[in-house]
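Trainee: Below is one structure. I have some questions about it.
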Amino acid sequence: MLSGIEAAAGEYEDSELRCRVAVEELSPGGQPRRRQALRTAELSLGRNERRELMLRLQAPGPAGRPRCFPLRAARLFTRFAEAGRSTLRLPAHDTPGAGAVQLLLSDCPPDRLRRFLRTLRLKLAAAPGPGPASARAQLLGPRPRDFVTISPVQPEERRLRAATRVPDTTLVKRPVEPQAGAEPSTEAPRWPLPVKRLSLPSTKPQLSEEQAAVLRAVLKGQSIFFTGSAGTGKSYLLKRILGSLPPTGTVATASTGVAACHIGGTTLHAFAGIGSGQAPLAQCVALAQRPGVRQGWLNCQRLVIDEISMVEADLFDKLEAVARAVRQQNKPFGGIQLIICGDFLQLPPVTKGSQPPRFCFQSKSWKRCVPVTLELTKVWRQADQTFISLLQAVRLGRCSDEVTRQLQATASHKVGRDGIVATRLCTHQDDVALTNERRLQELPGKVHRFEAMDSNPELASTLDAQCPVSQLLQLKLGAQVMLVKNLSVSRGLVNGARGVVVGFEAEGRGLPQVRFLCGVTEVIHADRWTVQATGGQLLSRQQLPLQLAWAMSIHKSQGMTLDCVEISLGRVFASGQAYVALSRARSLQGLRVLDFDPMAVRCDPRVLHFYATLRRGRSLSLESPDDDEAASDQENMDPIL
């Protein structure tokens, strides 16, 4: 376990924030008349001698004198809080001619910014403090004491906030305003997005000790690969990591478009700007030297790569060489900190021809670029220890008679209810499209069409590749659907939740009403996805967060948790494919396996050797879930061709 708990200690601080700050002094008319930009500053919440809530701004260095601002009647604009930006407007003082002061916060770690804003809101609501003192009271009063850092938020303050429910005028996401010079539109928007309030966690989500160790290593600037079986919280941890890092200089990528969309990033190929990566190295370097692409490489300080198992070794080596060439640094990966996540025992790289794939850990540059490796071992997705043990055996390519018996017994499971049928996971995307189209056509009634609104329709193909929603969604009464975005975790409306369309609004947009397996019935409104195209261009798609769910591909299910699953393993063609499919299920009771063949359970021996080496060298745990049974387990390994 890594030491250096202090590296991550700041993650849990709610009253302090380090970021870029621009201080604007406004005229009485609201126009900026003086501006000071601070590349790095520390904001602290505290109180003065009269218990007034104050904000202290401290610039680095001995010359940076702290400034304190009273927070009475402060207004906070949080439309871009998820991107690490916010604006705090402080009202004018009683001094004649004085104007308001505006603090523009940027490059904040998004999670820390959210907690900072939540603390501010709770403190303002619980104890707004006395009004401003008169000049006479200030002269006759005690000498001002030093700034006192605010106390942590207390349970009583949370209860008071919930009980009073004062109108929240401080934390508001403002609607998008039309650009200057643009002609006003007379057409009503097809997909009006409801104004959402800033999402702030009611409590501090706790990381497990092994997850905290990964975060500490990242915050210390170490390049790291963290791995773990399906359901160990890799995706959740990756989002926590991204929320703890400054947005500037942090690039989130993944090997596939869907995985990239889940973490709010772009594909590794789109960031690199070298096309498919099949060209010779000199040509790849030339492609990366193009102005827009080159600047992306130069600005990158931390590169996140998710689903690393699907990145081929030759591509990784080329990217490493391109990084050194473009950045003109001979350090590993050009001095970029790598934060790599994935499980090599899941889906392998896609290759053409009969040649077996070469995994990233087989690349020449892997060891020098990734000095730290940590494994997550606690499974969060499944609660049944029997099912967890079964999945761990399948992950290692072990299919004993008991594992075979348990999986074959699921063929009789009735995994759907209330008109909701199981989603069938298919090995080939063509089967998915045909199944969903056929089942939709078989339903009686009218087809309801919902077209997406794309920020750039000419780049719809890029959005199709990276968004979990399609440009056109067709639904009927009784259509099987899946939620592809978290709407309300507490109510069970999460990514992967299964449901059935039970109606459509009679008025307005005719939005679908969906009854979910968790028992909730909800009218589904449009949501927005933002992806990054080649060259850093941001694209957005506005669409219902639904997709047809009679069938979906195993590749697109990677990283998801499904309520009820039906799997056919008869056409499994890659190592790890059976394991990925089986591990999507939340429970053994929600799983039905058809035509099970023990030979479908296999893994690549090179990956087993890689993990065994890590276990010996870094104390990684890769023991069998059942040591007594391990000796008799049959290991189905793909031959190395």
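Using the three backbone atoms N, Cα and C, a Cβ is placed for every residue, glycine included.
Heads up, here are the entries from Swiss-Prot:
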type	residues	note
REGION	1-180	region 'PINT'
MOD_RES	S27	phosphoserine
MOD_RES	S151	phosphoserine
REGION	173-192	region 'Disordered'
BINDING	G228, S229, A230, G231, T232, G233, K234, S235	ATP binding site
DNA_BIND	577-596	DNA-binding region
REGION	622-641	region 'Disordered'
COMPBIAS	624-641	compositional bias 'Acidic residues'
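Mind mapping these onto the model and telling me what they sit next to?
Mentor: Its own atom aside, the Cβ of S27 (phosphoserine) has 14 Cβ atoms within 10 angstroms in the protein chains shown.
Counting only same-chain residues six or more apart in sequence, the Cβ atoms lying under 8 angstroms from the Cβ of A230 (ATP binding site) belong to D343, Q346, R381, L391, R395, Y579, V580, S583, R584. In the three-state DSSP reading, A230 (ATP binding site) counts as coil.
Looking only at the DNA-binding region (577-596), the predicted model's pLDDT averages out at 87.
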Trainee: Tell me the Cα distance separating G231 (ATP binding site) from S27 (phosphoserine), rounded to the nearest angstrom.
Mentor: 54
Trainee: By a 10 A CB contact count over all chains shown, which of the binding-site residues listed here is most packed: G228, G231, G233?
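Mentor: Within the set of binding-site residues, the most crowded position is G228.
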Trainee: Same-chain residues six or more away whose CB lies under 8 A from the CB of T232 (ATP binding site)?
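Mentor: For T232 (ATP binding site), the qualifying residues are L376, T377, K378, V379, W380, R381.
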Trainee: Output, ordered by sequence, the same-chain residues six or more apart from S229 (ATP binding site) with a CB under 8 Å from its CB, or 'none'.
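Mentor: Residues satisfying the criterion: D343, L345, T377, V379, L391, Q392, R395, S583.
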Trainee: May I ask which residues of the same chain, at least 6 positions away in sequence, place their Cβ under 8 angstroms from the Cβ of K234 (ATP binding site)?
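Mentor: Once residues fewer than 6 apart are set aside, K234 (ATP binding site) is near F226, T227, G228, C341, G342, D343, L376.
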Trainee: Using the CB centroid of G228, S229, A230, G231, T232, G233, K234, S235 as the ATP site centre, which other residues of the same chain sit with their CB within 8 A?
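Mentor: For the ATP site, the extra neighbours are D343, L376, V379, W380, R381.
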Trainee: Within its own chain, what residues at least 6 apart in sequence put their Cβ under 8 Å from the Cβ of S235 (ATP binding site), listed in sequence order?
Mentor: H262, I263, D306, C341, G559
